[in-house]
Amino acid sequence: MIKDNFTIKKIQEGLKCKDFSAVELAKKYLKVIEEKDKDIHAFLEVSENMALKQAQEVDEKIAKQEKLTLLAGVPCSVKDAIMVEGLKCTAGSKMLKNYKAVYSATSVKKIVEQGALILGKTNLDEFAMGSSTEHSAFGPTKNPWDLTRVPGGTSGGSVASVSAGENIFSLGSDTGGSIRQPASFCGVVGLKPTYGAVSRYGLIAHGSSLEQIGAIANNVEDCQTVFNTIKGKDEKDATSVALSFPTTNLPTGRQVAGRTTNYKIGIPREYFGEGLDEEVKESVLKAVKGLEEQGCQVKEVSLPHAVYALACYYIISTSEASANLARYDGVRYGHRAKSQKQKANSLLEDYIADRSEGFGSEVKRRIILGTFCLSSGYYDAYYQKAQKVRELIKQDFALAFEKVDLLITPTSPFCAFKLGEKLDDPLQMYLADIYTVSINLAGLPALSMPCGLNKEKLPIGLQIIGPHFTENKIFDLAKKTEITLEK
Ligand code: GLN
């Protein structure tokens, strides 16, 4: 019998005791997808054959009594901006509607080597631009907690699939909050690793200096296991680093009976002010109080340049996006406009036709904004200025981390909003990222995890932020405040 509420550990135990086989597991979860995904629409493609083949291989290894690998038989999914060889990779865009990946991302290779079963590719906002998954060219994903609401974005499909029990974990990407904000909307755990901790090889680029592939799971331990699998230096990504992550979580000189019960936690004043929903604030502060009762020291800190983070992020990310998306011109990559009428007087007209048809409105908005920011005469005023502000934001964090070990903030100023509510108002949509983007600007690791439900029974998320490469500390603190939300 296969029980519900599975974790990676329970799956491993079940496989070891022969309670079920990996093939049975794959079939069970494929069935859940078949039943639930009609309503949720987390998946753009379900890869039944791939999952069953991978499951068979795991079962063969078990039959030969080989040692179980870290993710043996664990059903998962991959955001459709990350390549899985042989499966489509659309980036949620008409531009890449028929593109089939010819290689796998390094992070995908690593999870497959460890025995994970890939059930499919998950929905996202087009080219990972958005905060609700409504900008997908293939229709929105719904929040499993309330189908009239968004799951957040851009890794909305990944997060909704984990939240709905369609798989155990998912790989997402986070350029400005795209793992953490949807994780908070759907009541799951999501980590944006330190910049350079995980290879970006095989991730369709949006903002290259900002983004990381990260893990989404139902609990902190599973999130940590997946992160441990995908982290590390990759020769194919020059920005990945070979640092060893401190395995000890003990802040020196502050151990209590060998345990880290006394982290110094910073509460950044700027993240608890205007615009923050009262229930979100109360719930996050309640979790902080709980940690204080366990022996942590809590201290208010200031990140004075936080107010510029959103403006700074939208200049840098759109500038990078405008360069990264130049390759989709219908010649080198992407959609070819069908109508011959629009085409062919010149190469430029050709490009215009292909790009006008292939991209959706949010992507076009960003390409125009980014191109403007980088254009001669405006480069200094916008892009270069934003780079200077980025440095100040980084310094704010560095100064705060001289006083405290970790920071706690809300992940999002509000809970999941209604489908359509912010779709016509890009500025309102951008505000959903107000607490997440500065972490990407500074290249820091941060995790979102559930800390309660609001009156409407919607999940609330809190964010733990640490200095570079302190993922282990973040996981350690997260485990101390981990709760299970009752649906
Ligand atoms: N919502 C942010 C944006 O639209 C973040 C996106 C992301 O992290 N990919 O840019």
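Backbone N, Cα and C define each Cβ position, glycine as well.
Listed features, source TrEMBL:
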type	residues	note
DOMAIN	24-474	domain 'Amidase'
ACT_SITE	LYS79	active site, charge relay system
ACT_SITE	SER178	active site, acyl-ester intermediate
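The two recorded residues, SER178 (active site, acyl-ester intermediate) and LYS79 (active site, charge relay system), have Cα atoms 11 Å apart. Neighbour density at the Cβ, taken as the number of other Cβ atoms within 10 Å, is lowest among the active-site residues LYS79, SER178 for LYS79. Mean model confidence for the domain 'Amidase' (24-474) is a pLDDT of 94.
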